[in-house]
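According to TrEMBL:
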- R67, E129: substrate binding site (BINDING)
- E129, D156: Mg(2+) binding site (BINDING)
- 6-224: domain 'HpcH/HpaI aldolase/citrate lyase' (DOMAIN)
Amino acid sequence: MERLRRTMLFMPGNNPSMLQNAGILGADSVILDLEDAVSLTEKDSARILVRNAIKSVNFYNSEVVVRINPLGTEFGYEDLDVIGRVKPDAIMVPKATEADIKSVSEKLDKIEEEEGFEKGSIKLFALIESAYGLENVYSILQSSDRIIGMLLGAEDLTADLGIKRTREGEEIFYARSRVATACKACKVAAIDTPFADMEDMEGFIKDITRAKSLGMTGKAAINPRQIDTIHGVYAPTEAEIRYAQRVMEAQEEAKREGKGVFSLDGKMVDAPIIARAQTTLNTARLAGLI
Ligand SMILES: CC(=O)SCCNC(=O)CCNC(=O)[C@H](O)C(C)(C)COP(=O)(O)OP(=O)(O)OC[C@H]1O[C@@H](n2cnc3c(N)ncnc32)[C@H](O)[C@@H]1OP(=O)(O)O
Ligand SMILES: O=C([O-])CC(=O)C(=O)O
Ligand SMILES: [Mg+2]
């Protein structure tokens, strides 16, 4: 079934109380992190904790994603081997390249066969957070059929580009557009980078709105307090839903009259506008608004 991924909530994999509550916070997806939120001395214990959480915690409707360490570190393959065997919904590959995605996918082929899991059932998210990754988003997306989405990691990306990260986010305009376009071309989710200042509500709403306007389909969160705000921005408004419904009604009438193009409220309506209305209604349905 099609699922919404408006919010993907990150939580450190070494925090038992956060893991325990992961399913009741209302995020569409949770990302149990073994990478940058976990210090080097805690890598092994976090891996065990996350494995046990996947086996025992009720995540309700939230999709369960685990961010492993980069394959080039001493932890990456061990993370994949231990976590793959408890069958999370998906693995997130940080600092992703085509070679990483292929390698993770092949390793998962083996694990799925050994464990008797359906082939291809463990999905992938690629984290784009290097200049190389950004230049190669489309070929990274093509590297495995397991990929269901891409996340833009602006902290690492701007560090790699040697530029400043700002509240306004002008510096990631190109990255957002590029990732969103490639994801649309491959029909996978385009998830925006998290907003780090949990007190700056005005800046946060602008940031979500800007990313959405460029085609991002959801946003990573770092704190449960951010979830409702993101869902609010991604929800179609009542006026948008009503307009979309009227477009569909008017289309029915136009069809009966044999017209491909017609006017509504003095504005031309043709195929792309009908497609947009269908998308609005589909999103509204998935969000339980109609
Ligand atoms: C650039 C990157 O790589 S981003 C991805 C990696 N980063 C992360 O995973 C960080 C995730 N976020 C966090 O760890 C925390 O939100 C922090 C450290 C930023 C702030 O922590 P706090 O100041 O304790 O937050 P706050 O006071 O809002 O917490 C309120 C409650 O929400 C819980 N909570 C906070 N953040 C999270 C989270 N991400 N997931 C689940 N629960 C959370 C807290 O445990 C606390 O629970 P309690 O009331 O039962 O004690
Ligand atoms: O995935 C993210 O958005 C967080 C991250 O790793 C980064 O910004 O480097
Ligand atoms: Mg990062």
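Heads up, the Cβ atoms here are built off N, Cα and C, so glycines get one too.
Keep in mind that this is a model prediction, so the values were computed, not measured.
Features recorded in TrEMBL, as mapped to the structure shown.
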| residue | record | Cβ within 10 Å |
| --- | --- | --- |
| R67 | substrate binding site | 26 |
| E129 | substrate binding site | 23 |
| D156 | Mg(2+) binding site | 18 |
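A gap of 5 Å separates the Cα atoms of E129 (substrate binding site) and D156 (Mg(2+) binding site).
D156 (Mg(2+) binding site) sits 15 Å from R67 (substrate binding site), taking the C-alpha atoms as the reference points. Close contacts with ligand 3, defined as a Cβ under 6 Å from any of its atoms, occur at E129, D156 among the binding-site residues R67, E129, D156. Checking the binding-site residues R67, E129, D156 against ligand 2, the ones whose Cβ sits under 6 Å from it are E129, D156. The DSSP secondary structure for D156 (Mg(2+) binding site) is helix. Classification of E129 (substrate binding site) by DSSP places it in coil, neither helical nor stranded.
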